[in-house]
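Copied over from TrEMBL, here are the features:
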{"type": "TRANSMEM", "residues": "20-43", "note": "transmembrane segment"}
{"type": "DOMAIN", "residues": "36-284", "note": "domain 'G-protein coupled receptors family 1 profile'"}
{"type": "TRANSMEM", "residues": "55-77", "note": "transmembrane segment"}
{"type": "TRANSMEM", "residues": "97-116", "note": "transmembrane segment"}
{"type": "TRANSMEM", "residues": "137-158", "note": "transmembrane segment"}
{"type": "TRANSMEM", "residues": "195-222", "note": "transmembrane segment"}
{"type": "TRANSMEM", "residues": "234-255", "note": "transmembrane segment"}
{"type": "TRANSMEM", "residues": "267-286", "note": "transmembrane segment"}
Amino acid sequence: MCFVTTFILMGIPHAPELDIVLFVIFLVIYVFTLVGNLLILLVIRVDSYLRTPMYYFLANLSFIDMWFSSVTVPKILMSLLSPDGGAISFGSCVAQLYFFHGLGSTECFLYTVMSYDRYLAITHPLHYVTMMSGKTCALLTGSTWLSGLVHSAVQTILTFRLPYCGPNQIQHYFCDAPPILKLACADTSVNEMVIFVNIGVVASGCFFLIFLSYMSIVHAILKIHTAKGRQKAFQTCASHCIVVLCFFGPCVFIYLRPGSKGAVDGIVAVFYTVLTPVLNPLVYTLRNKEVKTALLKLKNRGAFAQNK
C-alpha cells in the first residue's frame, strides 16, 4: 500500500484571472499584520505608562497574531503565484496543523484571560493591582500557552495517526483537520467526535466565559455615576469585543456545525486566519487613546533623534 508523501492545497475558491488581485490583497494585509503588531510590541516595550496587565496581555496577543498569520498566509501567496505553490510535504502539513491549532488555541484562551482582566479592572478597581500582579499575569499567560500547545498536540496526533493512501488534494488553503480527515483510508468517526469536543466545545466554553465576564462588566459600568467614566469603560471593552466576535464566530461556524463544506469553510476561515490578526493593531490603536498617545510620543522621539 502506497502512502501519501505530499498533499496539494487547493486554495481559496476563485476565478484564475483573480490570482494577481488576490495576491496583492493578501500581501498588503500580511504586511500590515506584521508591521502593525510589531509596532504595538515596540510601543508597549518603550512606553512605561503601558506596562500594565492589559497591555502585557495585548503584547502577547500581538506576538501570537504575527505567527498565527505567518502559518497560513505565505502559503496562500505561494499558491497564487505558482501552479505548484499549493504542494506541501506530509511533514510540513503536520507542522502547519500543529502550529495553526497551537497558536489559535492559545489565542482563544488568551481572549478569555483578557476578558477576566477587564472584569477585575472595572469591578474591583481598588484591588486590581494586587490581584493582577506581575506573577499572576505571567502564570495566566504561561497557562494559555501550555493549554494551547497541549490541545494542539492531541489534535495533531489523532489526525495523523490515520493512514493516508488515496487522493492527496486538500480542499482548503491550509492543513486543517476536517478537510484532511476526508482523505484518510480509515474510519474517522472518533476523530470527528474529538474535533467537536476538543475544538468546538473549548471555543464555545471560552466564548461563554467571555460573555459572562462582559455581562458582569456591563452591569458594573451602568453603576458608574459619571458619563465620562462610563464612556471610558465602554471604549476599553468595545475594542476587545470586536476582535473576539471576529475570531470566535467563524470558529464556531466551522467546527460546531454538522458536515464540512470545503469551499464555504475556506472562505469563512479567512476571517479568523487573515483578518483577525490585522484587526488587532487597527482596533487597539484607532480606538485606544493611550496607545495613540504612545505612538505619537514614539514618533516625536524619532523626529527629535533625526534633528540632533
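Start at 1 and count along the chain as shown; that gives each residue its number.
Just so it is clear, glycine is given a Cβ too, placed from its N, Cα and C backbone atoms.
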Stretch of maximal Cβ-Cβ contact with the transmembrane segment (97-116) [cut-off: under 8 Å; candidates 55-77, 195-222, 234-255]: 55-77
Residues from the same chain, set at least six apart from the ends of the transmembrane segment (55-77), whose C-beta lies under 8 A from its own: 9, 11-12, 23, 26-27, 29-30, 33-34, 37-38, 40-41, 44-45, 85-86, 88, 96, 99-100, 103-104, 106-107, 110-111, 113-114, 117, 137, 141, 144, 173-174, 273-274, 276-278, 280-281, 284
